[in-house]
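Notes follow the structure.
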């Protein structure tokens, strides 16, 4: 499918590849200058005709009429100046209004003037009146946003003026938003009895047939917001392949798959998980059998589309719903983490470069996936994210055919502070050379040692592997999750952490998005994330759904600028960490310095012995040499 280009937003260009749009961009004749100046010649022509008539009558009049003519000419000059001032004022008003009403439906997308006179023709007059009424409503909506404290020139105000707010009635039930009884019972069995704000806003709109952009904090129930309406529509017509869900990481894809299966338990739903790290052949066979729902990572599904035949991926042409979960990550054109180690598999060539990766652009693979689907006019497109980026917002202003419903945009608390009030954010200043010593002492305090689940985030897979070995040797119940691990081991490690067999999870950003582990009470940023939005996703693994949580960021002397950017993004400073009766520096000096130093050497030796060389483990090669 040919991909056209979106307007640049903050220096980035997003290629839309027919995501929400069905029509090409407007022609040059619809540009802003034509929109403003289309009536100017008519106005000046009328003024000049009036002046000419007055001059012809004055030539036949007496001296008395000549004096009157001079007075009238002065008045006409004043009228002309006043008309030009009025015209300038019209231009200023229109220039301010145009960016804010660009999303208004096409029935009045190209009026000849902002303040047009009512024509004599009754039909044309009615149309002009309807246009004026609609623009007045848009102006009132913008004014209402300004009254709420948002400046008109603020980009957030532009977005807020185009946002349909979600209902906030705490007594709303799933029955009240048109969810079928079998789904209500299924959700109740999962202890989900009342819809969250994002669910109350999006479910009815999706059921009505709208394309949807949903933005809300982590842990607010976005998966249910798109799974419920899809399953309700599928139950009425259980065809295949009914829906495709794209998500950036394997772990999140597995979680969404499990939620679809749990919600649809009363029905014979056939869902398929298509992710990297597994054999492609069984996946291709399962795709050819046309399951009802496909949950996939873009890299692996794109590989199937490129290499498989029509009998395997032909069912994708019948998809009615496509979901882009964590849409900001899927649609970003620039790498979010320029760490080569976190992309690959410990030096191995990574064929599924975007599967579970913390860096690199997934956009080419997403475009390949979308190219195998029906056109946007024959499917519903649903985008959900915790961080609504300019790239995502730009999609709602795409040109659309007149017979299509407008894009429904529901942003819940996205303009409020990005971090919930139940989350305590702290920083801990540590020397770069003894960071792991402080981590051991920090995790061993009386308060932290009693916590049921802790996630330690790092920036590199090599750091994750090192800390996993080190903390295990130091006696902690720990497991790891990063892109360098085989898929089976990643799944097993995550299962151990969920089952509390491991208390600490050392992870890269593959675990930062979407994973819902309610027991997590503490998140440690061993490495400061390089982007503020990555920080928000990391700390969003705790304090979910109203629970309390704590996030502690280790800060070195070179991390100050990163921390300042994070504080600006979340809207409040990070407090200095403290625990009553605990002097961490003293503990490191007296206890951790020697012990961690010894275990550090053992951990590095283990990593070196288990490192693969030429496809074989180095330990095995050493044994062969010894014999």
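Glycine is no exception: its Cβ is also placed from the backbone N, Cα and C atoms.
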Correct range for motif 'Q motif' (source TrEMBL, candidates 114-142, 143-171, 172-200): 172-200
Annotated range (TrEMBL: region 'Disordered') out of 335-361, 362-388, 389-415, 416-442: 335-361
Chain residues in Cβ proximity to the motif 'Q motif' (172-200) (below 8 Å; excluding those fewer than six residues from its ends, i.e. six or more beyond): 166, 207, 214, 216, 220-222, 224-225, 228, 231-232, 235, 262-267, 410, 412-413
Residue counts (helix, strand, coil, in that order) that DSSP gives for the motif 'Q motif' (172-200): 16 helix, 0 strand, 13 coil
Residue distribution over DSSP helix, strand and coil in the domain 'Helicase C-terminal' (438-585): 59 helix, 28 strand, 61 coil
